[in-house]
Each structure stands twice: as C-alpha cells, then as structure tokens.
Amino acid sequence: MSRPSDYVDSGSAKRQPADDDNNSIEQPKLGFVGWIRFAWRQLTSMRTALFLLLMLAIAAVPGSLVPQRSSDPNGVTQYFRDNPSLAPVLDNMQFFDVYGSAWFSAIYLLLFISLIGCVIPRTKHHFQAMRARPPRTPARLNRLDSYTEQTVEGADAASAISSARTLLKKSGYRVEMYEGGGSLSVSAERGYLRETGNLVFHSALVGILLAIGVGGGFGYAGQRVVVEGQTFVNTLLDYNSFNPGRFFNPDTLSPYALTVDDFAVEYEKQNLDAYGQAIDYTAKVTTRSPGQEPEKQTIKVNEPLRYDNTDVYLLGNGYAPKITVRDPQGKAVFTDSVPFLPQDANLTSIGVVKVPDGLSDQLGMIGFFYPTAVKNASGAYTSTYPDLVYPLLTLNVYKGDLGINEGAPKSVYELVTDGMTQLTGGKTDVDSIELQPGQTADLPNGMGTVTFENSSPQQAAGNFDNTVPRFVSLDVHHDPSQGFVLLFAILVMLGLLTSLFVPRRRVWVKAVEKEDGSVTLQYAGLARGEDPGLRQAVDAIAYRHGTILGVPRDLRGTVKK
Amino acid sequence: MNLDELSVLSLWSAMAIYALAFIAFALDLAKRSAEVSAYADEQAAQASGAGSRVDGEQVASAGSAATTTTSRVSSTATIERVDEDASDVTPKRSATLRIGVALTIIGFLLHATADVTRGISAQRVPWANMYEFAMTGTLLIVMVFLMVIVKVDLRFLGTFVMGLVLILLGVSGVNFYVAVVPLPPALQSAWLIIHVFVASLGTAFFGLGFALSAIQLFQHRRELAGKDLKLLKLKFLATLPSSERLENLAYRVNIVGFIFWTFTLMAGSIWAERAWGRYWGWDTKEVWTFIIWVIYAGYIHARATRGWRGSRSAWLAIIGFAAVMFNFTIVNIFFKGLHAYSGL
C-alpha cells in the first residue's frame, strides 16, 4: 500500500461516497496481528492525519489565552494572583506550559508517527515508480475527459508516433512505445518531482522536529545585566540567570570576556507625535578571547553579536546610578552602580540598595530614579523624558534585618521590608532623600552618608549628559540546532512549491491507420493530483504535433477545411 | 496639506469609489437574479407548450452550451466536450458589471496613491503599524482580485471583495489611525519589508479563497435542492460556476496563500532570531500564525481525503480565514505579546 486507502489520487476524480456505509457487509474476524495492522492503517490514514492536524490547531489555542511560563513567567505569577481559585486547576492541566504539556506533545507525536508511517511506504513506492515504464496505453482513450483527436492525410502511423514521442520527450515526459490492437501508441508521464517535493516537504518537517528536540538540548540561554564599563565573563557564575538544554555540558562554554564600553540611545526630537521615542540603541563592546587581540564590536537590536559560537543579543537597558554609602567616619561601606528597572516609557526606574555590613544596622534603600524629574500637582515626582535632562534619585531608607544572613539567595531587585523599620519617606514624616548626580546627603539617625556619584564630573553645571551610567541586558545564546532548522525550513519551502505546482500527468498519443490512407491521432491525458492545466496541455500537444505533421492552418491557428 | 493628509484624503476618496463599485456589483447580482427568473419563467412557458420562444437568442442559454471544439481536419467529426462546470444560466453581458470593475480600478489607483504617499511621508514601507498594514493589505486584496479576473472571470466576487475591503478600511481609518512616527529599533530591519509584505499578500489570497469557498457552499446547497430555478432563493447562483469548479478555484487561490503564509512564518522566525534572540517562542502572534498554518495544512489534506472534499474542506478554508482575521484584529489589540506594533 503506497498511499493511505482514503487518499484521493486524481484532482478531477468525481466525489466518492464516504466508505463508512458498508456496515452491512459481513467482515472476517481480525486476529491480534490483524488488529495491529488495522490500528496502524487507521493511524496512517488521511482522515486520522487530518483529525490530528485540526486537534493540533485547537490545542495550540489555550497557549495564547493564558500566559505561558516559557515566554511570560511574570504573567503567570500575576495570573495566579488575579485568579487564585482557577489558576491551580489550569496549572494541573498544564495550561501554563501548553507547548510542553503531555496532551500537546501527544498530539504532535501521533501526528508525526502518522506522517512517518505514510511517508516511508510512499518513498518506496515512488522509487519504484521512477524506475518503472510509463503504463500501457488504455484501449479507449476517448473515455477520458481531456480526449481530443485529429486526422492527418498522407502520413503513416509509425512516423506520426515517433514524432509524438520526440515531442513529448522534449517537453519533459518519460516515454514508452506500445503496440497492440491494430494501433501504435506512445505512453508518457511527467511530474515525478511533484511526489518528490511532497516527500521532501514531509521529511523536512520531521527534520525540523528532530533538530529542535535533539539539537536544542545541547544549547543554552543566559541573561546578564552589564553596566557601562563593566565586563562580563562567559562562565556559569557570571550569569544572572541561565537556562541550559538537557544535554548541556558547562565545560563547552566558550571562554571569553565582553566589556560594555559605551551604550548610546538616540531619541526622536523632531517629530512631536513621537517626541522622546527611542529610535536607536547601540552598545559598543570589546571582546577578549584567550591568546587573541581584543576586538571592538557593536551590538544593536536587530544586529546581534555572533562571537565564538554564541549569539549575544541586546534585549533591554536602563539606568544604573552609582551609589556610595559611607559610615560616620567617612569610610565607604558600599559603592556600586545599581541597575534600576524601568517602569515606563520615560524610564522612571526602581532599584534597591542593600548594605549588609559596616554600619550600626543592616541598611536597605528603595530608590526611584527619574531621568527628567518633574513634580506634579500632588507633590509626587514623575519622569517626562527618558534622557538625562534633570536626573533625580529619591531614596526610602530602611534599617533592620535584610534577611540574607542565612545565605539563602534573594532577588537583588526586591527589598523585603517585613523585618525592617522605615526611616524616610512614606508615613515616617521624614522626607525621602533626594539627590542629583554628585550630591551627598546624611542618612537618618547619624548612620552615615549616601552619595549619588556623578560619572562625568567635568560636565558644566546644569548639563547632565552621561552623569548616570546605563546598563544593558544581554542575552547570550548557543543553539547548535539553529542552522539545521533553517536548512530543513528551506527544504520544506522547496518541497511545498514543487508538490503544489508541478503537475503530475500522463499523456497518451495513439495512431490508428484508416482504410482511406489517413491516420487518426488520438490524444488524452490523465491527471495525478491537482492539475487544472491538463486539458490545455493535451490540446497544446495535439496542436504542436499537428504542426510538426504539417496540418494546414491559417494564421490564427484555425484548421483549414 | 502635507503628504500624510493627502494620503488620508486619497484613502477616503478610494473608499467612496469602492462604495460605488460595491453598489454596481450588487446591482449586477440583482440583475443576474432577474435573468434567472426570466429564464425560469420562459422554461415553464415552454414546458406547458403555451408560449412561443420569443427572443430566444437574447435570453440566456442553458448550460452545457460552453463547448470546446477540437482541431478538425477534413472529414472528421467535431468532438464537443461537455463542460459540466459551467453555470446553469449564462448571464448576459452586463454594463453594470463593467462599471463595477472600472470603479474598482479607479478606487484601486486612489488607494495605491494613499499607500504610496503614506510611505513617502513616513520615509519607509507603509506597513509598520495596524493602520498601515490594513491599508496595504486591502490594497493587495484588490490588486490580487483585479489580477485574477484577467485570467478567470471571477467578477461576481466584486460585491464580496469590495464589501470586505470597505469594512476593513473603514474600521482601520476610524479606529486604527495613527500619525507617522519613526520605527522603534526592533522594527528597523529589512525583514519588516519582506515578512509583513508577504503576510499581507498571503492574507489577500486567503480572502479571495474564503469568498470562493463561501459561495461554493451556497452553490452546493442549491445543487442539492434540485434544478428547479423557480424555487431558488439566491437566484444569481444559477449564473455562477458549479460548486465543484468553485472548489477547484478556491483551492488554487488558497494554496498560493498557503505558500505565502509558510514563507511569512519562516521569514518571521529568521527575524525573531535577530531581534528577540530566539526564532520561535510561542508568542501569541506566533501561536496564531502557527494555528492558521495548521488549519490550511488541514484544508489541503482534506482536499486529498475521501469524504472530505467538497463542503467539509470549504468549511476549513472559511475557518482558516476567520482565524486570519482574528489574528489581525483581536490578537493584535487584546492579546499580550511581543508583536505589539499596532501603534494604538
């Protein structure tokens, strides 16, 4: 069986009744092997493939309705908060991991098994078909839809058929001569590429699945926040987060270092409809590999850095104010550029400073940074422009237990204030500390001082360009399957094009010699698969053949009487 | 008046012309219905043997008239192929229909002007937000329609095509309009030109395929109802090709759409890898592009599955296009994802 039994071969085939109305027929009992065969036939039938395809489409829908852990983990957390009773139920049914869920996997795996079960016998059959001779000419060609005929005088059947054979061969047909029943004929077939394309298409789909499933396991994806001037080293320890594939071996990490020298953002200033919209992000970096000269490179949003088997993407950015905390004696107990997470388009940002040691108490600060601070009517600050026009840092200070003494990892972007006392801001009646670059303020209770460092101290007063460093969020990926997926995708495309647009057809030309010395030439074609151009093709062959044989015609191609 | 204002003006003028074209196409359908009624009356009169056949040549002639004459030489008999796919009633040449097509062409030129001026005023391809995408997408629908009717007489689809384009343009012009703004860094890529353009081209073909499949279903119901033209509700159906012919046409249009859609999906993946750091991440728009691809893959399979040809596969094409529209409107506006470029 080369094709599933419910496959419709010919595009012009008349509709056949569904074959499920034959219940009245007495059927023999199936044995064990019979049942296996039956199940396999069912699985590899066209109807099952179609059913599984539609199931796949339906099963993919929930993943767009509910946030997915893979693409939107924060959305999932939020969903649990908003729907505390529904979320666990959905979670049980793997609705937050739809595309890795048991039911989604079951559908596509069955679909691919069905596909393989269909493709293998078809490949075998196709190999045989490509080596076989075009089939014997049917006895009554005039029964075919595309039948046409013409009569020529003064020609013999043998030469007419031989010229038809040459013509068909030149047109890309494989030809075979047949003789019998008082007539000579040529049988021709073309368009084997259609089936080849179909098989390539389906095999390449399997290829994509395998490349993703196997090749993807050897890769990894890591995220790292790097402040201007800082260096990132490609080791497990230096990543902020790291997602290895199933078969990933940490020893395979390419040893290199990457320094972010400068990060420049360009804002729209002419178009008032888009004033302040970022129109360009450019990170200038230097890469260093052992035993090699440092290289200057550029990373932009649509231009990732391809370096040493990894792809480095620029996926986020923000401000990282440099903050120094000193004890009452003036000794620095904390100094760092702290990445502040942007909250809106004008980069109002929130960050956290934790000072565990060196002061009388552990100290925590929640900071708000406004690149262009404006006080609104209610007295609260907002940022009105994303660049540094009037930068302002406000700090709410807490003292007490930071909750990091047990060594348990805590988010650097979050301050748990449960065990702490608030000293400034909020309901404390003490104003938050407000700082501009270069300014220093006293901490409450004489605990010491805090300084918002100015990164460009030589700048004239009132010009805040580059006074606050920026950070970039880099994604570093290694995916050995990517190239294979692309290769298979190209094969999918080529296979699809040939399988849908190359017509597979058989054409026959038969010559019947008549008693009056004339020869009747019969032409007919048979479509195998969709073939809207069959009739025109047969007519064209008849016409061209007539021309070769010298059928008289006027200039418009009409046959002269 | 700046270029964008000119663009908006051209677009609304185009819509006015399209509305007139819509009316002309609708009138043509009404005329077809009237012709079918007249033909049915005449048939009835003939059957009862009362009336004589007046003006028989002018009244539409019955099906199986469309024939192909093969090449004849000397004494050989003429072989006539019976075209089973032809309509039951051949419509007369219709001036309204030709006016409809002419108006469509004028509207198309204005529409194209709107699109091009928008592009020049934005100094980039005019399909970077929902408003522009709708404008270019509908332009392509009309273009594909005008190109197809040169080869195959699908002018009877004019009412549908104009109706769809008018609705999409109206909604976009009123609700999706945004002023020209520069591209955000993520959109600054050559893939914007390729990926989005091919997506709109695919949408245009799917739209045409949808119309053919929908009419196929009506036609199929009519054919099941029998040949009595008097009982027919949508009488103009008798002047349209058979459901099988419509099905074949729909298939040919839809597979072209499917090729473009496959390419959209791949080009999108290549772009996503460069811009977002991964080629596939089940973003909501990716999910729906995938769903649409699978539905149309199912449609193509259905065409080759016994018992699924005909109306069942037509339903799949209709569901497929509904998903395309859903993807363009609901997913763009209400679903959270990385494809947040509606500009709204």
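Positions of Cβ are set from backbone N, Cα and C atoms, glycine also.
The feature transmembrane segment is assigned by TrEMBL to B:6-27, B:95-113, B:133-150, B:157-178, B:190-212, B:249-272, B:287-302, B:314-335. The domain 'Cytochrome c assembly protein' annotation in TrEMBL covers B:128-339.
Only sequence-distant pairs (6 or more apart) were considered; of these, fewer than three Cβ pairs between the transmembrane segment (B:190-212) and the transmembrane segment (B:95-113) are under 8 A, so the stretches are not in contact. Only residues 6 or more beyond the boundaries of the transmembrane segment (B:95-113), in the same chain, are considered here, and those with a CB under 8 A from a CB of the stretch are 7, 10-11, 13-15, 17-18, 20-21, 24-25, 27-28, 31, 135, 138-139, 142-143, 145-146, 149, 155, 158, 161-162. For the domain 'Cytochrome c assembly protein' (B:128-339), the model's pLDDT averages out at 91. Sequence-distant contacts of the transmembrane segment (B:287-302) (same chain, six or more residues past either end, CB-CB distance under 8 Å): 206, 254-255, 257-258, 261-262, 264-265, 268, 308-309, 312-313, 316-317, 319-320, 323-324, 326-327, 331.
Here the transmembrane segment (B:157-178) has Cβ contacts under 8 Å with residues 8, 11-12, 14-15, 18-19, 21-22, 24-26, 28-29, 97, 100-101, 104, 129-131, 134-135, 137-138, 141-142, 145, 207-208, 211-212, 214-215, 342-344 of the same chain, all six or more residues outside its ends.
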